[in-house]
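For reference, the structure is listed below as structure tokens.
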Amino acid sequence: MKRGPISNTEFEFEATPTMAISTSECSLASINNCRKPHKYNFTSVYKSLSFLSVSYTNSSVLHVSCSTTCSSDHQVLEETPTDLPVVQLDFTFQESQQVHQDQSSKNLNETLCGLLQNPQTEKLAFEYYKKARENPEFRPERSMLRLLFRYLEQSKNWDLILLVFKDLESYHVLPDAYTCSGLITSCISARKFRVLQGLLDVVQFDSTIAILAFDSAMKGYNKLHMFKCTIDVYDRMNSAGIFPNSECYCQIMQACGKIGDSERVVQLFCECQSRKLETSPSVSRKMYKILIDSLGKSGRAFEALEYFRDMTKKGIVGDSFVYSSLICSFARKREVKIAEELFREAGEKRMLRDPELFLKLVLMYIEDGLMEKTLEVARAMRMANLKVSDCIFCTIVNGYSKRRGFRVAIRVYEKLVSEGFKPGQVTYASIINAHCQIGLYSEAEMLFSEMTQKGFDKCVVAYSSMVAMYGKTGRLNDAMKLVAKMKARGCQPNVWIYNSLMDMHGRAKNFRQVEKLWKEMKRRKVAPDKVSYTTIISAYNWSREYDMCVRYYQEYRINGGTIDKAMAGIMIGIFSKISRIDELVKLLQDMRSEGTPLDGRLYWSASNALRDAGLENQAKWLQENLGARVTSRQVLC
């Protein structure tokens, strides 16, 4: 073949049936088994990029055949089946000094855009970009930058994104506001906070884009509940001399409201109002909502009401959230009349949609003893097409139990059920406990059976009430069967259930079963409480294993347990029986320091134990220090 002269900026070679292309980062290996041939026209690329030198004879189309299964780092140039002339190609990146000075910036941007629009040449396009930026005449355009950042974001090249952004600072050009905001949002979602800080550093020279970028950063931090970071971004925005818009004020007000800084929320709101910024109705409504909610939660309900009235005068319509916040804030302050007035107003506007406000009203009425009002609240929920939650139903029942007694609470429960209100797991547990407290054991069993049939078979509180009821009635076998069913259903016993079982077995003098239950409780990592230790010590006391009693008492004290009358009564008797007078005196001293009262029986028992041991001085000390607290009537008893 006849060859032409080789120039200084061009290296030519002959294309063979299979030839490799070398780039600045990797050499393209030849691959033989190709499934689908793809055609690329390198003529336009050659005309735009001077560092890519291509010599060709008669055909400008070069067939590139690659397999769909081959690596993206390797491509193969193969001859087509037809007789094509030999193609001479140089695909080597040249040094920056070899870039032709007459290459226009516009052509470079257009070429890069063409490469970035093709998924198979995106990676190669970034390499071209790195060479193109060495051309002093190259100026990146926003259309190209949008495609470039889309590729880098999709490939998760966060460090390269930051690197390109810092390049743009020298060009004094930025992508469009939409691209910048999207990059910042993606950085926060990917937790790339270092990259985010770098992007915010660069965008500051363009105030229009900077405002939207900082707004996106604050919005992203708020979604992650990183409210202090939102405040830091806002302070950084102010220090850079960038004036926030109304959307930025919304974001910073939300962050301050979430951390409970209502004073700053008011300050920011007033600042935004004084600047008379152009604000859409939706943003204005959101700002008032944040302000009213923040004031209400901080106990400034009357100030919140004033801003609410001001919002109404301006023609900004309040929504269900505003009414809920106001009603809840006045309910917490137990301002019954204002809360009821707002409740009626919201009902007329059909804005009673938040179950929380109904719960707050129920709690307010219970605190004020207006129990009949709680039933009106439940009926109002039905009128508003809202389901009376199990929490509200249970609160009403427990409120009646506390204020009017268990029998009245049972009647109210039956009345609500007859009106169509459906109890849930928590309500069932409360009403079962009410029946057990007044000795209606058969009714409690019926309710428990009804509860389990409805699928509420994993309520530990209900099981605890039933086991305690079996303990009061001496039905030990029924209690053990119920606990076995409980375990089979995947519900683990709590400390109350273990205490009831150990107490029942202790009274039945099944001391081995008590010890077995104690070990099971420890194995299941259920922490014993004061009742647990009192029960196990009492069991060993009944079996006259006093050393075990002392051991568990010492363990109880090491774990921080305090001494009450029950524990003191048991241990004074044990120390007296085994003549451990030093520990008895220590127990009495601990009782005095902890303020545990000493009744006549304990005082008499301790005094006799000290005198029988010949410790008259200690008995005298007991009389001088604790005897004044015990009346003569208590001693005689």
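Cβ atoms are placed via backbone N, Cα and C, with glycine included.
These come from TrEMBL:
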- 284-318: repeat 'PPR' (REPEAT)
- 319-353: repeat 'PPR' (REPEAT)
- 389-423: repeat 'PPR' (REPEAT)
- 424-458: repeat 'PPR' (REPEAT)
- 459-493: repeat 'PPR' (REPEAT)
- 494-528: repeat 'PPR' (REPEAT)
Study note, to complete from the structure: Residues outside the repeat 'PPR' (319-353) whose C-beta sits under 8 Å from one of its C-beta atoms, at least 6 past its ends, are 285, 288-289, 292-293, 295-297, 299, 301, 304-305, 308, 311, 360-361, 363-365, 367-368, 370, 380-381, 383-384, 386
Check your understanding: Where else in the chain does the repeat 'PPR' (424-458) make close Cβ contacts, counting only residues six or more beyond its ends and a cut-off under 8 Å?
Key -> 389-391, 393-394, 397-398, 401, 406-407, 409-410, 413, 465-466, 468-469, 472-473, 489-491
Check your understanding: If you run through the repeat 'PPR' (459-493) with DSSP, how many residues end up as helix, strand and coil?
Key -> 26 helix, 0 strand, 9 coil
Check your understanding: What are the DSSP helix/strand/coil residue counts across the repeat 'PPR' (494-528)?
Key -> 26 helix, 0 strand, 9 coil
Revision key, fill the gap. Taking DSSP helix as H, G and I and strand as E and B, the repeat 'PPR' (319-353) has 26 helix, 0 strand, 9 coil
